[in-house]
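First the structure, in the form of structure tokens, and then the observations on it.
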């Protein structure tokens, strides 16, 4: 069993900053806006002697709440139940706040081991401001500045490592090794789309639990949330992302950062589910996202959600329209589903696995050369300045995505339509599905024949 530690506290006390410091990532959003973290954010923290813990960042616990914030607090209470240890963060600059008495009462209800972490001590000279936190009645207290990395080593060495050694007396190295191996081979699947297209609802349907906050309010998910699952003996990591909304003249820092993280999530994922709202059909934003995914070289599966809103005649027209607009994604499967009613959602895994396997497929040089020659025989390259462009050799430069390198004479003069013809021919002949192919042309060089000079 891997120890689970949860970070709780009011909004803007530095939970996400400490999460990022301990996990050595930027997986949690950090900015000087209260209430940015809404869902549970999971991360790994590696300690000394190969010890490893799961760290959970949570939404701030405050008094005045709107509906979404109430749901976020419910997520925090679930995280407390999951935890073996609680790091209760407070803000030294604000001093002791009334909410913190309520939070400490809630913690005691669950009878969880707790360390009070007094954050943002940098620049604080008033000892009285810090000392008043002792009235909360916690035995173990550590003063830190997460943003300045002050007191972090003491927190780890004085409290976290001894607690793990005491609580988990059995060696956890074997479990950690297994967990790391599972993490390595898990297929990372990112759920990408405009706000409110049903990304979180789809993940909840797959997980069969309310792990993501779902609401009709656009922008409910502000961060990229990763959840590991196993389906048909295959390991997956499902990544929910903030919706990539249309560009606005005014967009604050943390919304912009969420969009950036969505694009970063695409980069670090294996397969992307591009989710489209059937009731809104496709727009420029969907096409832009699709274009970005293609250029990233990631596998792509198109998911058209909310099909339950239409009758069969209407749905047929919508299918034809969407397929027409996305014809440049001819190599990708398009699924028409209802995440809310869980219709067609588990068929997605077949396409996800197919896309992933094809992206890593090793294609022999002989197969590529043979395919290229068949393509040339059916449609020869154009003639430039009285000489026909010659394509001589082809080999696989890399996989994930498949990158085919073609050598020949005057290849720099190949037209875009002919390049597209070759790409389409390779797709159809090699039966590659769900992943983009990249072709690179090199002039007059055979990589397998050395010069005899």
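Glycine residues also receive a Cβ, built from the backbone N, Cα and C atoms like all the rest.
Since this is a predicted model, take the numbers as computed values, not measurements.
Record features, source Swiss-Prot:
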| type | residues | note |
| --- | --- | --- |
| BINDING | 9-16, 57-61, 119-122 | GTP 1 binding site |
| BINDING | 193-200, 240-244, 305-308 | GTP 2 binding site |
| DOMAIN | 3-167 | domain 'EngA-type G 1' |
| DOMAIN | 187-360 | domain 'EngA-type G 2' |
| DOMAIN | 361-445 | domain 'KH-like' |
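Feature map: Swiss-Prot annotations on the structure.
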{"residue": "9", "record": "GTP 1 binding site", "DSSP (3 states)": "strand"}
{"residue": "58", "record": "GTP 1 binding site", "DSSP (3 states)": "coil"}
{"residue": "121", "record": "GTP 1 binding site", "DSSP (3 states)": "coil"}
{"residue": "193", "record": "GTP 2 binding site", "DSSP (3 states)": "strand"}
{"residue": "199", "record": "GTP 2 binding site", "DSSP (3 states)": "helix"}
{"residue": "241", "record": "GTP 2 binding site", "DSSP (3 states)": "coil"}
{"residue": "307", "record": "GTP 2 binding site", "DSSP (3 states)": "helix"}
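Broken down with DSSP, the domain 'KH-like' (361-445) shows 32 helix, 26 strand, 27 coil. Each residue contributes its Cα atom, and for residue 15 (GTP 1 binding site) and residue 241 (GTP 2 binding site) those atoms are 20 Å apart. The two recorded residues, residue 307 (GTP 2 binding site) and residue 58 (GTP 1 binding site), show a Cα separation of 33 Å. Across the structure, residue 12 (GTP 1 binding site) and residue 193 (GTP 2 binding site) are spaced 28 Å apart at their Cα atoms. If you take the Cα of residue 193 (GTP 2 binding site) and the Cα of residue 58 (GTP 1 binding site), they are about 24 angstrom apart, rounded to a whole number. Note on proximity: among 196, 199, 241, the binding-site residues of the record, the Cα nearest residue 9 (GTP 1 binding site) is that of 241. By a simple count of nearby Cβ atoms, those within 10 Å, the most crowded of the binding-site residues 9, 193 is 9.
Every protein chain shown contributes to the tally, and the Cβ of residue 121 (GTP 1 binding site) ends up with 18 other Cβ atoms within 10 Å. You'll find the Cα of residue 58 (GTP 1 binding site) roughly 20 Å from the Cα of residue 199 (GTP 2 binding site). Ranking the binding-site residues 61, 307 by how many other Cβ atoms lie within 10 angstroms of each Cβ puts 307 at the bottom. Take the Cα of residue 121 (GTP 1 binding site) and measure to each of the binding-site residues 196, 199, 241: the nearest one is 241. When pLDDT is averaged over the domain 'KH-like' (361-445), the result is 90. The two recorded residues, residue 199 (GTP 2 binding site) and residue 61 (GTP 1 binding site), have Cα atoms 25 Å apart. Rounded to the nearest whole angstrom, the C-alpha distance between residue 61 (GTP 1 binding site) and residue 196 (GTP 2 binding site) is 25.
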